[in-house]
Amino acid sequence: MSALRHVVCALSGGVDSAVAALLLRRRGYQVTGVFMKNWDSLDEQGICAADKDCEDAYKVCQILDIPFHQVSYVKEYWNDVFSDFLNEYEKGRTPNPDISCNKHIKFSCFHHYAVDNLGADAVATGHYARTSLEDEEVFEQKHTKRPDGLFRNRFEVRNPVKLLQAADSFKDQTFFLSQVSQDALRRTIFPLGELTKDFVKKIAAENRLHHVLQKKESMGICFIGKRNLEHFLLQVSVSDVSGGLLWAGAPVVMKPVFQYLQPRPGKFISIEDNRVLGTHKGWFLYTLGQRAKISGLSEPWYVVEKDGTKGDVLVAPRVDHPALYRDLLRTNRVHWIAEEPPAALVRDKMMECHFRFRHQMALVPCVLTLNQDGTVWVTAVKAVRGLALGQFAVFYKGEECLGSGKILRLGPSAYTLQKGKNRTRVAPEVSSDSPGLHPTS
């Protein structure tokens with residue numbers, strides 16, 4: 001029966017998705033490979049990286065003897081992912097476009113295309129993750145529309161699928177999948193969930209997939225790649241074409257000629273004595289916890305707060321300065337994957353779990369407090385370094401990824417508390433990373 005199952009596999013032109021398609025083929029499924037083009041630009045040598053990736057994906061399909069399709073979501077990526085990315089940066093937040101891309105593009109646009117246009121019984125990707133469903137259970141799933149209300153009727157989905165961490169904990173990518181919908185997850189297979197990266201490479205080497213095995217692992221912004229972010233945001237521009245803006249052939253309603261973000265020069269100021277240490281091109285380019293490159297200073301200084309009103313970036317010496325540490329945050333309405341929200345959290349209004357706000361960082365024990373609007377307060381058992389507005393707090397209970405929420409408010413830093421400024425109020429939802437620095441955006 002499994003031989004009749006049609007699985008559409010997303011191919012990126014990399015080794016992980018190639019091996020995912022190979023493993024599906026070995027299971028006897030009818031496999032179709034699809035390459036998504038979501039960004040269109042030339043690299044420094046004038047070569048379009050997306051075209052090279054597309055060629056590599058096509059070659060994978062030739063080797064595996066499976067059909068190949070290409071789809072473009074350039075317009076959707078711009079509207080749903082990149083525009084939000086720019087807006088978040090302008091507000092002084094630290095966005096994660098990889099999480100947004102999975103939510104809006106890979107597990108929405110592509111997912112619907114695979115099911116509605118290609119007749120897929122299931123969709124697959126090369127992510128290192130697992131779900132609580134076996135393959136045959138995935139094929140039996142029916143479409144269930146997500147509820148419009150705040151909380152899902154608990155009888156609506158009797159056996160919700162859970163998102164589980166991969167066997168290879170170092171490569172686990174559930175962090176990036178924490179906003180994926182229940183409906184998409186129910187129809188998804190992750191062939192690499194039980195494998196290590198080394199074993200995946202071994203499979204590729206043994207099956208004539210050398211052209212993807214030799215490629216460097218993709219890093220940086222989803223579909224855009226690893227770039228100098230300051231140069232990318234401030235210098236790259238697009239032009240008016242025939243009276244309307246075209247981005248890779250897709251019309252975009254924006255100013256005819258522009259830079260992504262305009263430079264806004266400001267000062268680096270020491271949080272300890274208010275000394276001006278140097279200047280920068282824009283306060284929004286900096287994330288709490290990162291090292292600030294200040295001309296003329298050899299010793300390291302780190303970003304601890306940002307003042308969007310004045311355009312100043314407050315910095316502190318030492319990588320472990322107390323101004324870098326906080327133990328309290330509030331998210332927007334949390335996207336819960338299996339239960340919305342977890343029964344224990346509804347019952348007790350509080351729940352112990354773990355969270356992380358960066359991929360591959362150690363999980364942090366915390367206590368969640370549920371608010372009536374679906375947002376949560378997150379109290380870390382121990383203060384953590386580098387919390388920033390705009391990041392996603394991703395929650396875990398054992399091996400299960402529960403979901404995530406965007407960080408919109410932060411509690412005072414350990415430095416503020418130590419100085420006796422023990423203000424219990426938390427920063428409003430603004431483009432600042434500490435209380436009281438900015439007016440509301």
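Numbers run from 1 along the shown chain.
Placement of Cβ uses the backbone N, Cα and C atoms for every residue, glycine included.
Values in this document were obtained by computation on a predicted structure and should not be read as measured data.
As recorded in Swiss-Prot:
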- Cys222: active site, cysteine persulfide intermediate (ACT_SITE)
- Ala10, Leu11, Ser12, Gly13, Gly14, Val15, Asp16, Ser17, Met36, Gly126: ATP binding site (BINDING)
- 431-441: compositional bias 'Polar residues' (COMPBIAS)
- Cys101-Cys222: disulfide bond (DISULFID)
- 421-441: region 'Disordered' (REGION)
Sparsest Cβ surroundings (other CB atoms within 10 Å) among the recorded positions Ala10, Met36, Cys101: Ala10
Local Cβ density at Asp16 (ATP binding site) - other Cβ atoms counted within 10 Å: 25
Using C-alpha atoms only, work out the spacing between Ser12 (ATP binding site) and Cys101 (disulfide bond) and round it to an integer in Å. 14
At the Cα level, what's the spacing in Å between Ala10 (ATP binding site) and Cys101 (disulfide bond), rounded? 14
Counting Cβ atoms within 10 Å across all protein chains shown, which of the binding-site residues Ser12, Gly14 comes out on top? Ser12
DSSP output for Met36 (ATP binding site) maps to strand
Spacing of the two Cα atoms, Gly14 (ATP binding site) and Cys101 (disulfide bond), in whole angstrom, works out to 17
With DSSP assignments reduced to helix, strand and coil, which class does Asp16 (ATP binding site) get? helix
When DSSP states are folded down to helix, strand and coil, where does Ala10 (ATP binding site) land? strand
For ATP: widest Cα to Cα gap among Ala10, Leu11, Ser12, Gly13, Gly14, Val15, Asp16, Ser17, Met36, Gly126 in Å: 16
